[in-house]
Amino acid sequence: MSTLRSKDAWQALERHYESMRKRRLRDLFARDADRAKHFSAEAAGWRLDYSKHRVSHATMQHLFALARECKLEARRDAMFAGDKVNNTEHRAALHIALRAPAGSVIECDGENVVPGVHATLDRMAVFADAVRNGDLIGFSGKRIRNIVNIGIGGSDLGPVMAYEALRHYSDRTLRMRFVSNVDHTDFAEAVRDLEPEETLFIVASKTFTTLETMTNAHTARDWLLAAAGSKQAVKKHFVALSTNREAVRKFGIPAMHTFGFEDWVGGRYSMDSAIGLSTMIAIGPRAFGEMLDGFHAMDEHFRNAPLEENLPAIMGLLSVWYTDFFGAETVAVLPYEQYLKRFPAYLQQLTMESNGKRVTRGGKAVDVATGPVFWGEPGTNGQHSFYQLIHQGTRLIPCDFIAFGQSLNPSGRHHDLLLANVIAQAEALAFGKTLKEVRDEGVPASLAPHKVFEGNRPSSLLTAQRLTPATLGALVALYEHSVFVQAAIWDINPFDQWGVELGKVLAKKVAEEIESPRKRLAHDASTNHAIRWYRKARAQTVSDGLGTPTVLVLDIGGTHVKIRISDRDEMRRFKSGPNLTPQDMMDKLLPLIEDWRYDAVTLGVPAPVIQGRLRTDPINLGKGWKDFDFRRAFNCPVRVVNDAAMQALGSYQGGRMLFLGLGTGLGSALIIDGVLQPTELSHMPWREHTYEHYVSDKFYNENKDAWAENVLELIRVMRNAFMPDYVMLGGGNVRHLKDLPDGVLRGENGNAFDGGFRIWELPR
Ligand SMILES: O=P(O)(O)OC[C@H]1O[C@](O)(CO)[C@@H](O)[C@@H]1O
């Protein structure tokens, strides 16, 4: 038996539960006319009515006794004192210091942390005011109007929830957006209608290493630089909120745009730290200060009020009561306030990342249920979807109803009806409707069971006068501390989150395997199957010309194979020669590019290619090229293209272009309005031989002057035949031509790679 189960108060509760299990709320109310008064408490602008819970005075006494036996007050005091209550990470959990008034003293490792907190708040205020006043200017000299917060988990849910909750108080001339998901759709939709020159990115990440956030931050930087041109723009358009100052500096964000906090602020407890910069920009430093005051008021209440009047203690203990004695698995959070639409999502991280634990602080398995599942939606919408199950389903789902006396957008009967609904829902859940009541209404016997409401379904009603920055702060602190109370009873650490690690590590491995399609898979059959399925889907995306693939280009020549990849400048090469078979090439290539990831391959081959297929083996290489299965060898989409055509594509400047490649032989290609037309001029008869003969490298070595004459003659003839807007000369021997006629341009050899990359942008 665990220490918790063996506690006197726990055992007393177990016995007491047997007497409460069947007690009806109807009876409890009938016996006590003042039950609503007796089972309610107030603090920091909030009133908690918990009279519709399945508790008696005795229940509450047992629960308070349990809290005392679990040393809740001592644990709370240790947290407030800056002790390392996050024992698995050896850290304090001092979020209460984030809202402590200037002048207070809260020590961590012997140092008063409050002055540092206020110094950051002051810097944030100066910055927020600069944005709000229009003093913050982007790269083009225009004022910043769009704020995009990039973060995830606590670096997103708190800011987005607070922005939505306090929208009424926000500066409507600013556009606030929040990007969290690594799904690119999130970023794409967030910036779709924004101008880079007016956009500020706030990269919010405690660690500044989180995969999703850093991927989105790099995408944001590319998006900005595509418009700004210069890397200097990053300094103006990016702000970082982080504890990892070194990583922020490496990203290119200057110290003056970095707002830090300390490791004693947990991600899900950070919305009132520097992570709240977007909130402060939206509502202004003064209102942000009011929100902090609300937090602080609830902190003080939690710290000083006796458990019997202590809102977080009561809420936390009720959660333990239902989770461990009634076997309830979830809690529904139902704000009757549209501005709180993201509150349930925010609470999910706060509650479940904190208390989703299966071992005690000392590492022993717990043998009672811990952290319930939190979920919810704003009322009244939920009433028309899942409330059916809460009213008549087989599960017990305690509900937290949240409502405000005054609407921020009063109009007609709206608020009356909203409040009527929340009050009525709590009443219906508690008291239900008996079979007799249904029958008395004249409902036929066959239908009556369907219309019975069992009732006895518990709920809290949390009310405040108005949704303000202060009431929001107090509400969040209420839940933070309620989570702490539950953790104290279960003896778990609510401040770590090891449970997210394994998935992160495996995702990194799987991403590597997806992006290196030749890697062998050694997972279970199902995981292997899923990876293979996605590799195929991904290859299809590339083949369909969607997205921007990373392309590996091979420029295969008679003496060397040169290789590049589209996201790096580096070129690698290895020797080819007259005996090089495609298999030899693969054997030399793959070890050389082991560290490169690519989605697609372009092969520029010195041989005729029609519709992506080699018509013959290259004359200057070994055998077996024509029928070799490159798609299979690379395990990703491959496009084979004539080497001259590839260079032509890389040199193309629009319109009708004739490309002539002067190398060992003669390469040629025609591009008309972006569409590549393969041509094979080299072996057409000319004079006593072929065109290639008279402009070849061999001919050049025999008679240089005649070679130059021949090239000019070739250009004249081909111009007459194809009527291009211009002729582009490529190949190594172009350098031997001094003066070029008008309309004839000199291309560069490196253009071949650009052609290999561009070919994936063309329709197939
Ligand atoms: O702020 P960071 O370091 O990017 O972390 C984001 C989130 O990731 C987690 O560490 C794990 O999900 C959360 O606790 C945290 O809020």
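Every residue gets a Cβ built from N, Cα and C, even glycine.
According to TrEMBL, the feature active site, proton donor maps to Glu353. Residues annotated as active site in TrEMBL: His384, Lys504.
Here the features listed in TrEMBL are painted onto the structure.
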residue: Glu353; record: active site, proton donor; Cβ contacts under 8 Å, 6 or more apart: Gly153, Arg268, Gln497, Gly499, Val500
residue: His384; record: active site; Cβ contacts under 8 Å, 6 or more apart: none
residue: Lys504; record: active site; Cβ contacts under 8 Å, 6 or more apart: Leu211
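A helical conformation is recorded for Glu353 (active site, proton donor) in the three-state DSSP classification.
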